[in-house]
Amino acid sequence: MKPSFLKKEILKEPDKADSIKAWFWTEKGLYLLDQRKLPLEEKYIFCDNLNKIRTAIKEMVVRGAPAIGICSAIGFVIEFKNFLSSLKSEEILIHKVEEEIGKISNLLVTARPTAINLSWAVSRMRKISLNFLEKFKEKINKSELKQLEELLEKEALKIWKEDIEANLAIADYGKDILPEGGILTHCNTGALATGGYGTALGIIRKFYEKNKKIKIFVDETRPFLQGARLTAWELYKLKIPYTLISDNAAGFLMKKGEISAVIVGADRIAKNGDTANKIGTYSLAVLAKFHNIPFYVAAPSSTFDLSIEKGEKIPIEIRPSKEVLTCHKSKIAPSKAKAYNIAFDITPNELISAIITEKGIIYPPYEENIPKFITP
Ligand code: MRU
């Protein structure tokens with residue numbers, strides 16, 4: 001549903017957008033649903049420049065690997081537009097435009113380090129810009145730059161649309177792989193974390209439509225509570241029943257036979273299948289292995305980083321300790337307590353039963369099979 005303040009605006013969005021809207025892109029800028037406030041408040045934050053969008057990504061107003069990739073591409077367009085309107089003369093030196101493209105790209109890719117989708121999307125935008133600029137010698141005029149702006153806008157929409165299509169294909173492949181019974185998911189991988197529909201949560205959505213004989217377990221995902229606040233909110237909006245559990249409950253539920261599969265998303269997948277995802281994913285994979293339960297990863301091809309051989313090379317984000325020391329702004333530890341907020345972990349490939357992508361389901365041995373599906 002469109003919020004009432006946007007009723008009259010021209011919205012830029014691909015065809016198959018989801019009913020759950022993590023953002024709206026209009027002529028004026030980007031309206032981001034503030035995910036820090038969900039599920040208590042459904043409020044949009046307005047971003048009309050790069051700094052605002054970068055800060056929103058850094059502070060997790062918008063989060064989830066594919067979502068921050070798409071929002072970076074949109075941020076790229078918005079800032080390029082601002083640059084164009086700031087130009088005083090009719091012509092500008094090419095190297096000045098290149099400098100601006102470099103600045104925009106750097107600021108966006110450094111907003112968060114672990115999800116590869118961010119630099120993947122920004123490098124697509126950068127490539128469009130540099131290929132276009134190559135056609136000119138020393139100078140370029142405003143109307144030519146306007147053409148580049150249009151190309152950039154098209155590319156950002158394409159990145160968004162491709163992600164939705166990838167999610168729908170992932171859901172189609174994944175719906176046939178899940179067993180009946182209890183399905184546990186971690187963090188949030190739904191429409192809020194992607195261009196729409198979701199990856200792991202998309203599969204759960206599709207599987208539920210096909211076969212109601214499942215019990216969806218959502219873990220809280222401390223400290224940011226993506227499970228309790230975001231996945232639970234999405235399932236509630238979709239009218240899909242779920243049961244929330246504390247992060248600590250997973251092992252014992254597996255022992256009791258209440259969980260028949262675990263499915264999660266990914267922030268970066270190395271060439272050998274090692275997977276970076278929200279902290280706590282590794283623990284679930286170890287527990288699943290111990291209890292002989294399949295452990296699945298669902299991700300679009302934009303999440304693979306074939307330049308990284310193994311998971312240990314993936315940069316892991318360390319976030320502010322206050323996220324661990326508080327819960328919804330209330331202090332939960334003594335005043336001078338110290339905390340270590342390691343935001344992601346790496347699940348080694350041997351703990352992963354299959355990786356579900358839009359190109360098909362990849363099974364081990366991953367070193368051999370990933371290149372058959374994912375090309376650089
Ligand atoms: O810190 P976040 O909330 O951005 O982390 C998100 C995750 O770890 C998701 O599982 C991942 O990005 C996949 S989203 C489809």
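Each Cβ is built from the backbone N, Cα and C atoms, and glycine gets one as well.
Whatever TrEMBL says is automated annotation, not expert-curated.
Look at TrEMBL and you will find R63, G64, A65, R112, Q226, N277, K278 tagged as substrate binding site. For C187, the entry in TrEMBL reads site 'Transition state stabilizer'. Residues or ranges marked as active site, proton donor by TrEMBL: D267.
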Binding-site residues close to ligand 1 - of R112, Q226, N277, only those whose C-beta is under 6 Å away: Q226, N277
Same-chain residues at least 6 apart in sequence whose Cβ lies under 8 Å from N277 (substrate binding site): H186, C187, V264, G265, A266, D267, V297, F344, D345, T347
Chain-internal residues near A65 (substrate binding site), provided their CB is under 8 angstroms and they sit 6+ positions away: A115, I116, N117, L118, A193, G265, A266, D267, R268, A299, T303
Listed in sequence order, residues not in R63, G64, A65, R112, Q226, N277, K278 with Cβ within 8 Å of the centre of the substrate site Cβ atoms: I68, T114, A115, C187, N188, A193, G265, D267, F344
Cβ atoms near Q226 (substrate binding site) (within 10 Å, other residues, all chains): 27
Other CB atoms within 10 A, centred on C187 (site 'Transition state stabilizer'): 29
For substrate: widest Cα to Cα gap among R63, G64, A65, R112, Q226, N277, K278 in Å: 17
C187 (site 'Transition state stabilizer'): secondary structure state under DSSP, collapsed to three categories: coil
Number of Cβ atoms other than its own within 10 Å, given for K278 (substrate binding site): 26
Cβ-Cβ neighbours of G64 (substrate binding site) (radius 10 Å): 30
Tertiary neighbours of R63 (substrate binding site) (same chain, Cβ under 8 Å, six or more apart): Q35, I57, N188, L192, A193, F224, Q226
